[in-house]
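A.B. asks: Just passing along the structure, written as structure tokens.
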């Protein structure tokens, strides 16, 4: 939004052209989102407490979690507000990739908000019925996937690139739509499954989102992409602003979500952030690298799939409890130890993922 204003003012007053620089707008984006989440955080927490929007805790989970009962939830609303506001202010809103990611963020946020509202306010333990949640996730996911496919301007935009190799790629064609759909919906639910401990989901989200911002900057630059032998996707660099806003909003939220948490993000935050990460990974053509960097989200999801599958087939459970973080809690690990070790794993995976850009 302010990019347009700067362009207009540049014709009358010199100096406003500086706002064309992507790096400056990314810095302003992260500072704006961080400032909003830090300043509004106490007010949001106070309002959630006044409205008695508190988290309900399962009786069959780790006993240490019972003390979390009543902790304000739906704090993801603060994250999304900060991200969207910063992006609207500092990103180029004529960029189709920015619009696609904003659409995913807002629509999946609404799905999560309805789910949280039914659970917490209406006291419906099931929240939004699973079939309707999946229906709306699928509808929104396919809308974006189809839109990106039909507006693709170069073959690179629908090609799957294999890391570690310079010239190994697969032109997906119409399968691009289904891959994009799976990335959006799959990681939306993966982040949601991971969001079970204080700060466990938001910090990996910030780290992976920041790494995607670096990749978006490189992929959107013809010189860097040619030098690194990676795909060049014109316009994708603008997503750096969104990724910066995500990092700022996430860090601001972590200030209040770190152990012991004063607020939880709820489905409104987890579903939206996971979907946003998924669609950004698709746009910058680094789906496989994204899988590597998002190893914690993948492991948490796989643990649930294995647990459910094993119980249905054999009547036995592989883990003491799924998702995986609960397994370690029931083994006697203190919650902060689980959280920090999962963060450390994410740091390693993100660094390895970024290293693949050069290892060709």
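In case you wondered, yes, glycine gets a Cβ from its N, Cα and C as well.
Swiss-Prot feature annotations, pasted as is:
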TRANSMEM  25-45  transmembrane segment
TRANSMEM  73-93  transmembrane segment
TRANSMEM  97-117  transmembrane segment
TRANSMEM  132-152  transmembrane segment
TRANSMEM  168-188  transmembrane segment
TRANSMEM  199-219  transmembrane segment
TRANSMEM  236-256  transmembrane segment
TRANSMEM  263-283  transmembrane segment
TRANSMEM  288-308  transmembrane segment
TRANSMEM  339-359  transmembrane segment
A.B. asks: How about the transmembrane segment (73-93) and the transmembrane segment (339-359): at least 3 CB pairs under 8 Å, pairs 6 or more apart in sequence, or not?
C.D. replies: no
A.B. asks: Do the transmembrane segment (288-308) and the transmembrane segment (199-219) share at least 3 Cβ pairs under 8 Å, sequence separation 6 or more?
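C.D. replies: Yes, these stretches are in contact.
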A.B. asks: Answer with yes or no whether the transmembrane segment (263-283) touches the transmembrane segment (168-188) by the criterion of at least three Cβ pairs under 8 A, sequence separation 6 or more.
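C.D. replies: Yes; at least 3 Cβ pairs under 8 Å.
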A.B. asks: Should the transmembrane segment (339-359) and the transmembrane segment (132-152) be scored as in contact, given a threshold of at least 3 Cβ pairs under 8 Å and pairs 6 or more apart?
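C.D. replies: Counting Cβ pairs under 8 Å (6 or more apart in sequence), the transmembrane segment (339-359) does not reach the transmembrane segment (132-152), since there are fewer than 3.
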A.B. asks: For the transmembrane segment (132-152), which stretch among 25-45, 199-219, 263-283 has the most Cβ pairs under 8 A?
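C.D. replies: Going through each listed stretch, the top one turns out to be 263-283.
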A.B. asks: With Cβ distances under 8 Å as the criterion, find the stretch in 25-45, 97-117, 236-256, 263-283 that has the most pairs with the transmembrane segment (199-219).
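C.D. replies: Most Cβ pairs under 8 Å with the transmembrane segment (199-219) come from 236-256.
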